[in-house]
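Take a look at the structure set out below.
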Amino acid sequence: MSRVSRNWERLVRAVLRTRPSGGGGRVPPSTGLADAVPPSLVKSTNIDAILQAADEVQDEDPNIARILCEQAYTMAQNLDPTSDGRGVLQFKTGLMSVIKQKRSKKDGAKIDRERDIELLWNFYKIFVRRHKVDDMKTEQDKMRESGVSTEKFELKTLEVKRVFATIRAILDVLNILVKDFPIDGHVREEITNEINLKMESDNTLRGELTPYNIVPLDAPSMSNTIGFFPEVKAAVAAIGYNANFPRFPNDFKIPELRNPDMFDLLEYVFGFQKDNVRNQRENVVLIIANAQCRLGLPSDHDPKIDEKAITNVFLKVLDNYIKWCRYLGERIVCNSIEAIDKNKRVIFVSLYFLIWGEAANVRFLPECICYIFHHMAKELDTILNQSEAGPASSCKNNENGSVSFLEEIICPIYETLEKEAVNNKNGKAAHSAWRNYDDFNEYFWSPSCLKLNFPIQKDSKFLHKPTKKKRTAKSSFVEHRTFLHLYRSFHRLWIFLILMFQILTIIAFHDGKINLDTFKSVLSIGPTFAILNFIESFLDVLFMFGAYTTARGFAISRLVIRFFWFGICSAFVCFLYIKVLAEKNDQNSESIYFQIYVLVLGVYAAVRISFAFLVKFPAIHSLSEKSDPWSFFQFFKWIYEERYFVGRGLYERTSDYFRYVLFWLVIFVCKFLFTYYLQIEPLVEPTRIIHGLKALPYSWHDLVSKDNNNALSIASLWAPIVAIYLMDIHIWYTLLSAFVGGVMGARARLGEIRSIEMLHKRFENFPQAFSKNLVSPMAKRLSQDGSSVQQNKIEAATFAPFWNEIIKSLREEDYISNREMDLLSIPSNTGSLKLVQWPLFLLSSKILLAIDLALDCKESPEELWNRISKDEYMGYAVQECYYSAERILHSLVDDKEIHDATGKLDSSAKLDAAGRIWVERLFREINSSISDHSLFVTIKPKKLKSVLTRFTALTGLLVRNETPELKRGVSKAVLDLYDAVTHELLTSNPREQFDTIQILVKAQQEGRLFARINWPRDPEIIEQIKRLHLLLTVKDSSANIPKNLEARRRLQFFTNSLFMDIPSATAVSEMIPFCVFTPYYSETVLYSYSSLWVENVDGISTLFYLQTIFPDEWENFLERIGRSDTSAEALKENHSDTLELRFWASYRGQTLSRTVRGMMYYRRALMLQSYLEKRSSGIEDGYTGAEILSSRGYETSLLSRAQADLKFTYVVSCQIYGQQKLKKTAEAADISLLMQRNEALRVAFIHDEGGNQFYSKLVKADIHGKDQEIYSIKLPGNPKLGEGKPENQNHAIIFTRGSAIQTIDMNQDNYLEEAMKIRNLLEEFDEKYWNSHSLRAPTILGVREHVFTGSVSSLAAFMSNQETSFVTLGQRVLAYPLKVRMHYGHPDVFDRIFHLSRGGISKASRVINISEDIYAGFNSTLRQGNITHHEYIQVGKGRDVGLNQIALFEGKVAGGNGEQVLSRDIYRLGHLFDFFRMLSFYFTTVGYYVCTMMTVLTVYVFLYGRVYLALSGLDAGISTMARMLGNTALDAALNAQFLVQIGIFTAVPMVMGFILEKGLLKAIFSFVTMQLQLCSVFFTFSLGTRTHYFGRTILHGGAKYKATGRGFVVEHITFAENYRLYSRSHFVKALEIALLLIVYIAYGYISRSSSFILVTFSSWFLVLSWLFAPYIFNPSGFEWQKTVEDFDDWTSWLLYRGGVGVKGENSWEFWWDEEQAHIQTFRGRILETILSLRFFIFQYGIVYKLRLTGKDTSLAIYGFSWIVLFGIVVIFKIFTSKKAANYQLVTRFIQGVTALLLIAALVVVIALTELSIPDLFASGLAFVATGWAILCLSITWKKVVKLMGLWDSVREIARLYDAGMGMIIFAPVAILSWFPFVTTFQSRLLFNQAFSRGLEFSKILAGNKANVQV
């Protein structure tokens, strides 16, 4: 303990010193012991404040610091005497060591407590006098009222807060000490009076120190301007305590620092937590204030909230509750909405938010929240009618009398949720075995919920907890794991496809003739339709198992009625059709049954169509609603469509309906024409021939094909066609959606500016477009009236500050250099110059080109000017150069104010008038000649170059700082210019005129001419000189500015978006407020300095990688920090440079710091916009003219910052930040650093205090740089009951603000120019924008993404292009015209109020909601929301860049889609959408993965069918006798499959996107480049990934979040790691297909080798892609040294048996066990068994093909083959047996004898029988397949095999199989590694983008040697 005591303080201080500093942030880092106080002590004391004060006064008086530390220790000891709290013992020990050190400095003097009090008191008085505490607040108020800059004001505020915090801490200690220790009475009285005086006037003191989030509501704060906004003051008044409310009881404590309000009443009545009340008080105030802003700002004098604003908020917040009451037929809390007055509306809204804010996991049950609110609102209504308020009985504990909403209402519900969550066994239990969030919520969709008592009794059915013996039943839906959900959810699609296939087939078999006979045959669809509907109703009944005891009676009744109805209908229709067939065969029949049959079908079809129109057709939906009161219609509508609380009203406008109907009709026409003519019709004749073939010889013992007309042969022929038929609709969808998306993109004007040249040409249109779309009316006041030139200039002046801020941000991000920033910046255009000034990059070299034109000119001045004006910017440059030269020369000779060399005004000095006269007459003469079109009469154009050279020399001197020498040089330069102009440029006539001016002649003779000049002082003139000098000297080509590709892309997109259809911008004060919300777990926040230098296995450090990939940005970074030509190692010498380096690297990775920087651009943009609006409107007075449109100082404007904070908040939900702080991890320090650098950043986290006590906390950086707790809300328990990310979002969503919320992932980025458009985007929520083109208000605004990770490797480019095509063109079509866009992840913008009252922004049930984001879209759509998509704004997005990362990501998404198939959301949307919208929904969600899987299954179906024909011997027989096998149909099917397989149809939207946004030539080039980079191999490989994980998830489950990592992937992946990852998903399946192909080659009937190649090409391509793609796309995958190392690593892994705790990556055995974990259920084992049986066909067929067996087809042959196989297994057992050491000699002897006997027997058999060497190979293939089947079965029935004692043998066989598969794959890799050129080719293939950018990527691949050069 003594050692800890000695070192603890040093350790703590060292750790704290190493925490990164603010580095430009607004607050310094926290230091000292205050940051080490355990949370348990901070919660109830101010120990941290006392220790912080001790740190503050340490330097002033160490003795006082010692007294404060001692008091802190005493308080800690009293609070936790046994040190039970987490970290308390270490804290107290360390603090005591600090105290001992401080005492030792007193030279051993005894501690006198009375003396300490006196010292403390004296220090207090001195401290107060020195800091002038009494005057500080007055001074601060004056600064705030005077409008001083924010920087000065904040420094003053920071000083005030620090001083006040120290004073308060000292007074608190004095107060305690005075009470505890006897001291002199006079001193005691003096101290007591001072304490009482301060406490009485402590409001200001406490107001400044009280933590708050955005608005200081708990105590007044003079330093926060938001509180003075009229709308905020009006909102605070609106929640004030009304005189009509009941009075508070006497024991209620009235707030000291503010007036009581409604929230105080609700807190007292219902026992809400204080911090929940504080949180929701601010939330409601901001909602009301912003609602008022939308209607108009209230007056400053006595501001009030309009009744309409309150009503809007009330209806918005309680909309779901009102709908819930109507659905259940229950009255709302009052008789009617109209009867609720304004105050009650506010208090009901407040109550709802308080319930929601404390509901924790119950927030996922929105209707449960409605139920709770319903009853509590009734209680509140009763209490409001009383004279005195009292606690609500529902929240009062009858035992101890305490009032707690959390304990009495939420905890019982949470405990049941928790028990069910435990019952899911961490996601491994079947979904049907436990209740998820949806099951609990849907209980409240039934009127029976109203019969529950309130609060809900613990013995109620709803709160029944599951036990081990008895599980609880589901609510209304059971997620059984089966593929049949696809049919159940989308039965209308499958029925339609089956019926159409049946119709087309019937027509084809009737030779395309449409007659009565054909019509009768087509009517066979009647029984088919009835039976398929019966199957669907049967599945409904079957899948409801598990919910019958709890489901609503009406729901069960509907299932039973539909089951019997469709059963009877199908039986009746089948009976009728059988009779019709009988009549058809009877020539004498009168067709009675046929007529009845047609009548029945007609009536049934009419009824179904009628109800379909009533329910689904938009135009008559109102008629459907009117028919509800009629029982007949109500009953049949109920039978036709289930009625849920959600999913009602899923219809769109009639015009939208016809659009997506037309879309699908086009697809159907194309699909069915293709199907009929290229798939079905070509198979008709072969089918007839095969059906008619008799007595075909079989080469095996046939068991199933006797007398069935070759049914299996026909099935094998038709199976691939049917498979393609079921999936090729997706092909047609892809093609049409690409076309439609391209047309829509072109109409939206996307891609109009797609190059830097286009940007140059359109630049002069940007100011007007910008002013039209992105400038609010408030900021346009200056641009009223005026000439066109003046109007253009004003628009340019308005545009300039925004454009320059964009360019500045590009410089801050190091995309451009200082020089490029100067060239790209646009002048303010607020000066007196007569024309618009454009950026210099547009004008560069234009003057020199104009001079060349003048030199070559032989025409008139007009013709010269026409030639110059052909280039608009050359004309601008010439005019600007002339006008600027005139102004500059006038300023030099102006004698109004003359300054000396020091800059002081020299009143005695006076310039000679001669120079001024020359300048004035010169320009008067030139201007006159220009007006008279006689310029060439006045000047000699060929001499312009000489004059230009001298003028350039002059400006070169003037741009430097003034010195006496320079001033003399300028005089000489002006004189030289005078000589050049007068004697060279001017023609003889004007020259003679100047020579006759006596004053000039005399001045020149006396040497006075231009001897003294007036050095420019006017900022406008100085700026003009700098600009003119650059204009004359810059010779860079404008095509190369900016050089950086990312900077170009961003500027092109931004400027292009200015011309798109964008809602008009409103003033910032009137815009819709929003919040950005980012969930974070443990990803990288900020790269540490050391991690940047850590080298991977290839010797590549992160820093070296970034320097190589971004060389220009590295140079720009060094230039920005002033360290050009400096090595990276030199930066570590300076802490600030090191920090900047860390941020530079982090901003190029997928880190939280990059995301935070990007999202904080929103605040910066709003500050700039607000600042310019306030100036234009005159709110910020004292500015005139040019200053009004200047952005200088906007970041330090108090009003602008306050306005931005009122409209924008940013919350990062760092779930485990509390744990990270306790462990003092680097992530915690980095998050703290981000808060210090971003004052508006808020961090929410879950704090675990032990003992199952959890809190949701919100923190920000305080004045000392440490975390300041704003809110701490207790939770009912551990909040993580479901999926981690949505639970993380849910706990923190209560801290969000505003009307909208943008969900941002932590691998995203944002840009300042895009942030400027956020208020335009938010206007999409306004009714005036959506009412004209939509039926309902948007609830989610889809936003375009730019994938920023696709610029280096080919894989990254593939992924980037694929993702980009989906988030642009794909989602464009989904949103319109298809109206089925969902939420596919971030960065969509949610209607916050809509979603928080409907379950949140994601779903969290374990496993089923693993793809949590898309469920927000499902939920929004089902609840009558509207999801739109907008492409005029973009957000950056990072994606996975390595093959393994991509595979893990796609596996996660595919697994999530597999779970979606089982979900109730998919089921309901599939049922409740109209047919055509359902088609769109299916093919863009789970249908995409179904079609992907069908693509692979087509290969299997085709090859197994061919192998069946080959092994059975029918292939040759049919081909010989029929001479045709329908190759046309087969080719069409397989070609379609192949094109899907290699990603051609995936690439179609990409190519369309390229054409649209890059141009046709670039699109073709990009597509060809992708093909050369083997993108087809990548897409084929991805096909296997998606198929594997999607299928396995539905069969067995096991979907889970897979951390892909977001680092830079250029390192080599070992062979073993690739094998582990892809063995079962790709390699096994590829080898199976290869085996099928080999068997087909060996035994199939192939008439021509070319036809075999064509038919099987796609299969071979798939095999090669699946086997070798991981190695083709593996960096250094064919480098010989790494190949050798990989082989050693793989063999070690394969043979290592491991031990306890060994992971799969270290031992094959443990990996093998992990690979079997997905087989858990009996149903899964049955399915695996069925699937494994397919491998037995190889042995059964091959043994009859051996020469040894001849033509014998007896079953004994097959039986004998099993005996041989058994013998092989025994031999294998002999050779792999492991005996004890004593028996090793015997074992080896037996193995040797067995080997010799085996060889001898084999030789004898070959010699004496017909067995041949090919037979041996064939037998090997057969036994390999059978062995794999046995192995699969053994794994499936693992327990049985273990009981038989055969598990060890099975494991060794499995090891042998993996060794064999590995060698098959490894051998080609090793062979290719022999050739060095293969590695070079692979590097070029992988990193072509890098090579094309001129990067030396070989450095990266070279490894260590290259790092030396960093």
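Every residue, even glycine, has its Cβ placed from backbone N, Cα and C.
Summarising the annotation, TrEMBL assigns domain '1,3-beta-glucan synthase component FKS1-like' to 343-457.
Under the heading region 'Disordered', TrEMBL lists 18-38.
Per TrEMBL, the feature transmembrane segment maps to 493-510 (among others). Long-range Cβ contacts of the transmembrane segment (493-510) within its own chain (Cβ-Cβ under 8 Å, at least 6 residues beyond either end) map to 486-487, 517-518, 521-522, 524-525, 528-529, 532-533, 536, 672, 675-676, 680-681, 684, 722, 725-726, 729, 1475, 1478-1479, 1482.
Residues or ranges marked as transmembrane segment in TrEMBL: 530-551 (among others).
The annotation transmembrane segment is assigned in TrEMBL to 563-582 (among others).
As annotated by TrEMBL, transmembrane segment applies to 594-615 (among others).
Proximity of distant same-chain residues to the transmembrane segment (1479-1502), defined by a Cβ-Cβ separation under 8 Å and at least 6 residues beyond the stretch ends, is recorded for 486, 490, 493, 660, 663-664, 719-720, 723-724, 726-727, 729-730, 733, 1370, 1374, 1378-1380, 1382, 1414, 1454, 1457-1458, 1460-1461, 1466, 1469-1470, 1473, 1530, 1533-1534, 1537, 1540-1541, 1583-1584, 1586-1587, 1590-1591, 1629, 1633, 1658-1659, 1662. Annotation comment: TrEMBL describes 1479-1502 (among others) as transmembrane segment.
According to TrEMBL, the transmembrane segment annotation covers 1538-1556 (among others).
Summarising the annotation, TrEMBL assigns transmembrane segment to 1627-1646 (among others). Here the transmembrane segment (1627-1646) has Cβ contacts under 8 Å with residues 1496, 1499-1500, 1503-1504, 1506-1507, 1509-1511, 1515-1516, 1519-1520, 1584, 1588, 1619, 1652, 1656, 1659-1660, 1662-1663, 1666-1667, 1738, 1741-1742, 1745, 1818, 1821, 1824-1825, 1861, 1864-1865 of the same chain, all six or more residues outside its ends.
Listed as Cβ neighbours of the transmembrane segment (1726-1743) (distance under 8 Å, sequence separation of 6 or more from its ends, same chain) are residues 700, 1504, 1507-1508, 1510-1512, 1595, 1635, 1639, 1643, 1719, 1749, 1757-1758, 1761, 1765, 1818-1819, 1821-1823, 1825-1826, 1828-1829, 1832-1833, 1836-1837. Residues or ranges marked as transmembrane segment in TrEMBL: 1726-1743 (among others).
Sequence annotations record features per position, and here TrEMBL assigns transmembrane segment to 1755-1776 (among others).
Residues or ranges marked as transmembrane segment by TrEMBL: 1788-1810 (among others).
Here TrEMBL flags 1816-1835 (among others) as transmembrane segment.
If you look up TrEMBL, you'll see 1856-1877 (among others) marked as transmembrane segment.
For the transmembrane segment (1856-1877), the partner stretch with the highest count of Cβ pairs under 8 angstroms, out of 530-551, 563-582, 1816-1835, is 1816-1835. Helix, strand and coil counts under DSSP for the domain '1,3-beta-glucan synthase component FKS1-like' (343-457) come to 79 helix, 3 strand, 33 coil. Mean pLDDT across the domain '1,3-beta-glucan synthase component FKS1-like' (343-457) comes to 91 in this model.
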